[in-house]
Amino acid sequence: MDTAIDSVTDTFIQVSEVWVPDTETGETLVLAEGSYGELAGFEAASRRESFAKGEGLPGKAWAEARPVVLKGFDGSYFKRTEAAREAGLTAAVAVPVFDGDTLNAVLVVLCGDDDTRTGAIEVWADTDGLLMLDDGYYGAAKHFEWVSQHTHFPRGQGLPGGVRASHTPMLMRDLGSGYRFIRADSAGKAGLTTGLGLPVPVPGGAGYVLTLLSARGTPIARRFELWDARSVKVGRDRAAVLADGVCQREGPLWTDDTQEPPRRVAPWQGQIGKVLATGVPVVTSGNPGLSAGYETMVALPIHDDGEIAHIVAWYC
Amino acid sequence: MQKLVVIGAGMATGRALEHLLDTAPGAYDITLFNAEPRGNYNRIMLSPVLSGEKSYEEIVTHDADWYEENGITCRFGEKVVSIDRERKVVVGEQGEVAYDKLIFGTGSSPFIIPVPGHDLPGVVAYRDLEDTNAMIEAAGKPGARAVVIGGGLLGLEAAAGLRLRGMEVTVLHLMGHLMERQLDEAAGYLLKKDLESRGIEVRLEAATNEISGDGKVERVLLEDGTVLDADIVVMSVGIRPAIGLAKDAGLDCGRALKVDAQMQTSDPDIYALGECVEFDGNVFGLVAPLYDQAKVLAKTLAGEADAFVMKQLSTKLKVTGCDLFSAGDFAGGEGREDIVYRDPARGIYKRLVIEDDQLIGAVMYGDTADGNWFFGLIKDGTDISEMRETLIFGPAYQGGAAADPLSAVAALPPDAEICGCNGVCKGDITAAIEGGATDLGAIRAQTKASASCGTCTGLVEQVLSVALGDDFVMPTAQPVCGCTDLTHEDVRRLIKARELKSQPAVWQELGWTTPNGCHVCRPAVNFYLLADWPLEYRDDPQSRFVNERNHANIQKDGTYSVMPRMWGGMTDANELRAIADAADKYGATVKVTGGQRIDLLGVKKEDLPAIWADLNGAGMVSGHAYTKGLRTVKTCVGKDWCRFGTQDSTGLGIALEKRLWGSWTPHKVKLGVSGCPRNCAEATCKDIGIVCVDSGYQIGVGGAAGMDVKEVERLVDVKTEEEAIEWVVAFVQLYREHAKYLDRAYKWLGKVGLEWVQEVLADDAERAALVERFDLSQSVYQTDPWAERAEPEAARRFQPLADLTLEAAE
């Protein structure tokens with residue numbers, strides 16, 4: 001892998017935070033963890049905040065039981081508009097983490113809008129077997145946004161269709177070559193390279209797929225990991241094995257399991273182990289224990305059939 | 001240097017070269033031919049490259065730098081035309097190369113069904129990167145359609161990859177179910193259903209009649225008259241060993257190029273491996289045996305002995321979200337028995353085939369977690385008769401499921417103390433890790449945690465593991481028993497840190513895998529709890545060994561020995577009379593022990609309360625000859641009687657015994673006090689031995705005279721008797737608080753080091769605190785068990801049960 005590209009400083013996502021139901025009443029969402037970089041003002045505003053069901057962006061994702069994309073905060077239900085404006089944040093995506101009918105957490109990522117930040121965070125919804133774009137935030141990738149709005153994926157096709165059909169997160173390597181015709185062409189032009197797609201299970205069985213498409217210049221992450229934690233894969237003892245991953249610093253993270261067993265972590269063993277044990281996403285930064293010396297890590301559990309089925313993690 | 005020429009830069013020859021360069025570096029001048037214009041890549045990972053889930057760069061095994069670093073002359077993109085065995089040269093398209101040894105790694109060629117139109121542009125096999133790129137290219141056209149002929153492993157991977165790329169895909173399979181060589185019908189059905197849910201059309205028993213099109217593939221005609229539109233046709237119906245060159249060279253060939261167990265062909269200077277070889281009638285298509293062959297060939301070339309043997313093979317499909325596993329022979333037949341498990345709601349099917357109490361085949365769909373375990377049973381020919389009933393549920397059902405070993409440490413709050421010696425909390429260690437400490441040494445240097453006695457090392461390592469994940473490799477430690485993964489030291493520290501004050505609390509909070517422990521862990525945990533929480537925890541007799549439970553030592557004939565305490569080895573006429581009376585009354589044999597006591601042997605269990613009551617009546621208490629606790633304090637007569645005596649050794653011995661008796665310790669504790677260096681009380685081989693000298697008292701610790709014989713090491717010299725008692729009591733308490741259960745003092749000292757013990761005890765405040773904690777414990781535990789059990793109610797437990805078997809027989 002080319003380590004020179006590691007020198008970029010701007011990332012597409014500027015803030016990541018985890019909101020969890022408060023432990024006493026379970027009726028409001030409170031901040032569990034967040035990574036705010038230098039946006040101390042927004043951090044302070046966030047730490048003061050809490051959200052009832054239906055309130056603000058995290059509350060809306062909870063109430064509507066689906067991932068929510070919000071572009072433009074002014075005049076919206078977003079509660080931290082002023083602090084966000086001062087921090088230069090203009091869009092946010094909230095991803096609810098449900099274990100069956102129970103909300104474990106809401107992951108919120110926020111981005112700043114300018115002419116250079118390129119990437120995509122998309123929510124695809126399954127409508128009669130077709131994955132249609134529910135909403136998405138693309139930064140400066142306007143053409144790609146337009147193309148995506150006019151594309152749909154049958155099950156099994158493309159990143160959203162593949163994720164939906166396999167009930168499994170997937171990591172696509174080169175979106176610019178063959179990522180479903182026109183969209184691939186546009187993705188290539190927008191500089192989008194790596195695509196992470198993951199199912200977002202919600203109560204009621206509606207099918208949502210979240211995709212994070214990362215560009216070289218303003219990457220969503222420099223390291224992606226997909227962990228498989230299904231008992232049908234790892235056995236009765238809870239664990240997660242690293243099924244796939246790429247890293248700008250360490251190269252491919254998967255192993256040919258005929259030769260070498262994949263990395264395996266037990267509950268509580270590191271950040272992935274923490275997600276495995278708690279079922280709640282982790283956002284951590286400034287932690288030198290992070291793989292390959294990255295500054296920030298986000299790890300998100302995907303529940304299925306009463307267990308944590310997968311964990312996806314991305315690092316900047 | 002000998003000249004080695006290799007034909008084919010595939011996975012088998014690549015692995016053989018790696019081994020050869022490891023085993024015999026510099027032994028050969030190597031030239032490598034490859035018809036493909038590139039070096040070795042992981043060909044079995046082409047399917048994820050096709051689907052977009054891997055990049056080609058990720059699957060390159062040997063890049064240009066590797067070949068250069070290893071001095072290999074690469075002739076890539078150049079076909080070998082012929083071999084001249086007479087002159088020992090390989091003739092390439094660009095010229096000849098001489099060899100001393102030659103390796104054939106020519107692999108295999110895809111089999112193309114010779115239907116009309118099979119040679120049209122757009123018909124591809126699925127073998128190499130060119131084929132893969134051709135398929136990716138075809139998928140770039142909007143609405144493109146693909147027909148995959150062959151529903152085997154490779155064909156289905158191609159179909160899934162093409163579908164993900166956005167194509168409409170139809171799979172044609174001649175047989176009645178998919179992957180019939182690896183799967184049975186039920187698993188094949190589930191696989192078909194799974195592929196169909198991805199939008200892939202699967203047609204079984206579908207024979208291709210013709211491929212047609214105007215200058216390129218446009219459609220496929222089936223035998224039943226069906227016409228399928230196609231922009232690309234992928235033929236994946238099997239492989240044929242590529243042996244044309246070998247045949248032309250006159251090497252002995254059957255279905256493939258014949259080799260012996262050293263991978264040698266009929267020409268002793270020519271070797272072969274991989275998909276082009278035939279060994280013992282077998283040809284090869286999966287990678288595992290190829291790697292075995294590579295190892296054997298490298299050794300052969302290095303002049304070492306090795307032999308290739310056939311092994312069982314297993315299969316997996318590289319389609320994301322399709323979990324299947326198959327191994328061994330799963331055909332039905334006489335004498336074979338099936339075990340089947342199905343979970344229709346979850347799409348799970350598992351089938352095991354058993355013959356002669358051995359697992360011979362396994363097919364799994366949807367749940368492959370135990371695949372490798374079953375594969376191991378098949379390979380090893382394990383006798384499964386003992387686990388037959390639960391075999392299908394996998395290894396976890398053969399024993400208790402392990403708990404989360406790190407959960408106990410993860411649950412500790414930041415202010416929980418991990419290192420008692422240096423007062424280091426979990427939060428301090430976490431902060432050090434966040435500051436960049438990533439191993440035990442760095443944690444010790446920065447926080448002093450585990451830098452003293454070291455018993456918290458396991459816990460510090462677990463905090464590291466919680467923080468750093470699998471980047472931190474935990475050293476393997478011996479767990480207490482099969483009920484837990486925690487070590488004794490971990491359990492001790494966690495009982496303190498988490499303030500666990502009952503056995504159920506330990507089982508639950510530390511994730512015991514058994515309902516309430518076992519005969520190994522219960523006595524240990526019982527001791528740790530009573531040592532740490534003397535007021536809150538109540539000793540559990542059921543967690544004690546039989547002698548401790550009955551407060552007497554059981555003998556080989558089933559009777560017990562009874563030994564009253566004689567303080568410092570002193571007795572008097574009244575006590576001796578009581579002992580003599582008891583011996584008469586209960587028919588006991590009398591023995592003087594090495595610890596200066598009198599032992600009454602041969603007492604029946606039901607007489608124990610009565611003899612205890614009698615001895616109690618004469619003022620004697622239990623001598624605790626059966627406990628992990630204070631046994632005896634052996635003394636000499638000291639300065640009151642002996643001409644050489646320097647201090648009142650008997651008096652000190654009595655004082656110590658009266659202070660220490662009744663206390664539970666990790667193992668037995670024996671003391672000795674000698675009045676002068678002549679050491680008549682043999683104090684220097686006791687757990688604690690005091691030698692009196694003119695200037696005071698020399699206190700030694702860690703002696704033994706059992707299976708191990710050890711002389712004590714000097715703990716300290718003190719001037720007064722009070723100081724001697726204080727130091728001894730503090731030492732015993734430190735031992736009680738830190739040692740692993742069943743470690744004698746010398747073993748514990750061997751682990752924590754005498755220096756650390758001296759350092760702790762030299763601290764006046766710490767020493768006083770230890771004494772205080774010991775006395776607190778004694779306020780509960782310094783009671784005579786004989787007196788308690790001589791009570792009529794308690795005595796009933798010692799009465800034999802009525803012999804009901806006799807009555808029933810009558």
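Just so you know, glycine gets a Cβ as well, placed from its N, Cα and C.
What you see is a predicted model, and the numbers here were worked out from it, not measured in a lab.
Features reported for this protein in TrEMBL:
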BINDING   B:Cys636, B:Cys642, B:Cys676, B:Cys680  [4Fe-4S] cluster binding site
BINDING   B:Cys680  siroheme binding site
DOMAIN    B:3-277  domain 'FAD/NAD(P)-binding'
DOMAIN    B:314-381  domain 'NADH-rubredoxin oxidoreductase C-terminal'
DOMAIN    B:418-464  domain 'BFD-like [2Fe-2S]-binding'
DOMAIN    B:480-529  domain 'BFD-like [2Fe-2S]-binding'
DOMAIN    B:555-616  domain 'Nitrite/Sulfite reductase ferredoxin-like'
DOMAIN    B:628-765  domain 'Nitrite/sulphite reductase 4Fe-4S'
Flag the pair the domain 'BFD-like [2Fe-2S]-binding' (B:418-464) / the domain 'Nitrite/Sulfite reductase ferredoxin-like' (B:555-616) as in contact if three or more Cβ pairs fall under 8 Å (sequence separation 6 or more).
no
Mind tallying the domain 'BFD-like [2Fe-2S]-binding' (B:480-529) by DSSP state, helix then strand then coil?
26 helix, 0 strand, 24 coil
Take the mean position of the Cβ atoms of B:Cys636, B:Cys642, B:Cys676, B:Cys680, the recorded [4Fe-4S] cluster site. Which other residues of that chain put their Cβ within 8 Å of it?
B:Val637, B:Gly638, B:Phe644, B:Gly645, B:Ser649, B:Ser674, B:Gly675, B:Arg678, B:Asn679, B:Ala681
Please spell out the DSSP helix, strand and coil residue counts for the domain 'Nitrite/sulphite reductase 4Fe-4S' (B:628-765).
55 helix, 36 strand, 47 coil
Enter the number of other CB atoms within 10 angstroms of the CB of B:Cys676 ([4Fe-4S] cluster binding site).
20
Using a 10 Å radius around its CB, how many other CB atoms surround B:Cys680 ([4Fe-4S] cluster binding site)?
18
I'd like the per-state residue tally for the domain 'Nitrite/Sulfite reductase ferredoxin-like' (B:555-616) from DSSP, helix first, then strand, then coil.
29 helix, 14 strand, 19 coil
